[in-house]
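Undergrad: There's a structure below that I have some questions on.
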Amino acid sequence: MRLGCSGRRRRLLRAALLRLVVLVLVAPPRRCAGESATCLAVYREGGAPAVFQSAHCPRWTLLAPSAGSGGEGDGDRRSSSSSPPPPPHPRGCHVAVDRGRRRSQEDRAVCALGIRIPFIGIYHKIKEVDVGVVAVFDGHNGAEASEMASKLLLEYFLLHVYFLLDGIYSIMFRKSTGKLTYKEVTILNNVINLYKEDQSSHSKGSCWALPAILDRSFHMEVLKESLLRAVHDVDLTFSKEALRNNFESGSTAAVILIVDGQIIAANVGDSKAFLCSESHDSSIDKKTSVVSGKRRRKRNSNNRDDFALANYDGPFYNVKELTKDHHPDREDERSRVEAAGGYVLEWAGVHRVNGELALSRAIGDVPYKRYGVIPTPELTEWQSLSANDTFLIASSDGVFEKMTMQDVCDLMLRVKLGVNQELGSFAVTQRNLADYVVDLALEKGTTDNVAAVIVPLGSHYSSKVTLEDWYMLEENSKTSISPLQTIPYQQKSGRFNVQ
C-alpha cells in the first residue's frame, strides 16, 4: 500500500485498513497481523516517527517536508508554477487564515471530513466509521512548530489507528507475539481487563469469538488513543528537529475529532474550540448582544435590520466551550511549572513561565520543557452532538484579542439571518463562514495572526466526502503517506481562505 500524490491514486488507507480487518477475520490465528513482526516492534518502541523512518517498515514512507524546509513562514502562501494545484478542500470545511498586522504568518489550520475508517464490529461484521478532524495550530517564535504539526498530525493519527488495530486484533485472536509492549494497556482499562478475563478462559494460540468490547465504544477509544499518540509524536518529532536546527518556536494545538455524531477535543495552549448551539433564550440581554454586535460591525446600520433582529423570535446561539486555556496563572498549571523548577512572573500584564513564555503547555518550546511546559493535551470526554449544535468552531487566540466566543456565535446568527447589509444573501455552501470571523477580528483591531475553522453541523449543512478525496491507492500497491494539503487556498492580501 503506497500512499502517494500522483494522479493514479485510489482509496489508499481505507483499502489498507479493509485488508487488515479482512485478514483478521479470515486468516489463521497466527497470521492475523497486517504488518511484519519487526515493523510492529518498531512501532511499539518508537511510535509513528519510528515507523516512517525505519527500514523495517518499507511500506510506510512519509513524504511531508521537514520543519526547516520552508513553507508559509513568510505569511504569503504563493503557488508555484512548477507545482500542481492543491486538491479541493473537503466540502463542509470553512477555513480562513490571515497574517493580520504581523510580519509573518505562524498560524496553521487543518480540516478533513468524511474519512471512512473500517473496524471489526460484533458478529464479525465490518463497520465503517465516519471521522472528521479539525485543528488549529498557533505558532510563536517562528512558524516551524505549527507548520510541522499541521503537516504531520493527520498522517500520524491515521498510522496510529492502523497499528493499534493491528496490535489489538492480534491479541484478541491469540497471535503468537503474545502481549502488547508499547503501552497498549493505556488504551482503555476496561477493554484491557476484558482481554485479560477472556485470555484466561481460552487456549493459547486459538482464535476466539469477538468479545462484547467490539461495540460502538471500542472504536471511540481507539480513535481517542490515536489522537493522543499523534499529538505526542508530533511534539517528539518537532523537538528532535528543533534541537538539530536550533529552533525556538512552539505551537498551540486545538484538535477536534468528529465521529458518528460525537466529538472529542484535545487542547494544548490557548487556541479555542467551541460549539455555537441553538437556544430559545429570547431574553432582552441576548437580543441586545446580537443587535449591538451588528451595530459595532457597521456604524451606519440599517434600522430595518436592527428592527428585524430585535423582533426575531427564533433561536439564538449560546457557546459550548470545549477547551480551557493553558496559561501559567492557572493554579494547576502554575503548580506543575514550579514543581519542575520554573517560576511564573507577570510581565506586560501577562503571566509567563520564567517571565517569557505565555503558555504552560505547547508543542515544541524545547528550552522550556525542563521547567514544566508540556505537550500533553487536556482532553474532553466524548460527547454527543445535539440537534441544537449548529456550528463547530476552532480558532487561534488572535480572534479573541478583541472578541469573545459569544461574539463569534452572535456573528454566525447574523450571517445566517442575512440581516447585515454588507453580507448580502447568505448561503452556507457559497460563502466561506470563516472569512466573516477573520474579517471581524481584523476590523476590531486584532494585531495577531488569525485562524478560524468552522464546520456547519446538522442535516441541513451536512456534506460528506469519502476517504478517496484524501488518500488514494497507487497501482504498485506499496505503502507511503504523502503530505495532505491542509489549506488549499486562494491568495487574498496575504490570506489563505477556502471553503
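Cβ coordinates come from backbone N, Cα and C, glycine included.
According to Swiss-Prot, the protein carries these features:
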{"type": "SIGNAL", "residues": "1-34", "note": "signal peptide"}
{"type": "REGION", "residues": "67-101", "note": "region 'Disordered'"}
{"type": "DOMAIN", "residues": "92-457", "note": "domain 'PPM-type phosphatase'"}
{"type": "BINDING", "residues": "D138, G139", "note": "Mn(2+) 1 binding site"}
{"type": "BINDING", "residues": "D138, D397, D448", "note": "Mn(2+) 2 binding site"}
{"type": "REGION", "residues": "286-306", "note": "region 'Disordered'"}
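Quick one: where do these features end up spatially?
TA: Residues near D138 (Mn(2+) 1 binding site) in space but far in sequence (CB under 8 A, at least 6 apart, same chain), listed by position: E106, D107, S146, S251, T252, G269, D270, S271, S396, D397, G398, N449, A451.
For the recorded site, D138 (Mn(2+) 1 binding site), the DSSP three-state label reads strand.
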Undergrad: If I take the alpha carbons of D448 (Mn(2+) 2 binding site) and G139 (Mn(2+) 1 binding site), what is the distance between them in whole Å?
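TA: Their Cα atoms are separated by 11 Å.
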Undergrad: When you average the Cβ positions of D138, D397, D448 for the Mn(2+) 2 site, which other residues in that chain have a Cβ within 8 Å of that mean position?
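TA: Residues close to the Mn(2+) 2 site, other than D138, D397, D448: D107, T252, D270, S271, S396, G398, V399, F400, E401, N449, V450, A451.
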Undergrad: Relative to the Cβ of G139 (Mn(2+) 1 binding site), which residues of the same chain, six or more apart in sequence, are found under 8 Å away?
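TA: Non-local contacts for G139 (Mn(2+) 1 binding site): E106, D107, R108, A145, S146, E147, S249, G250, S251.
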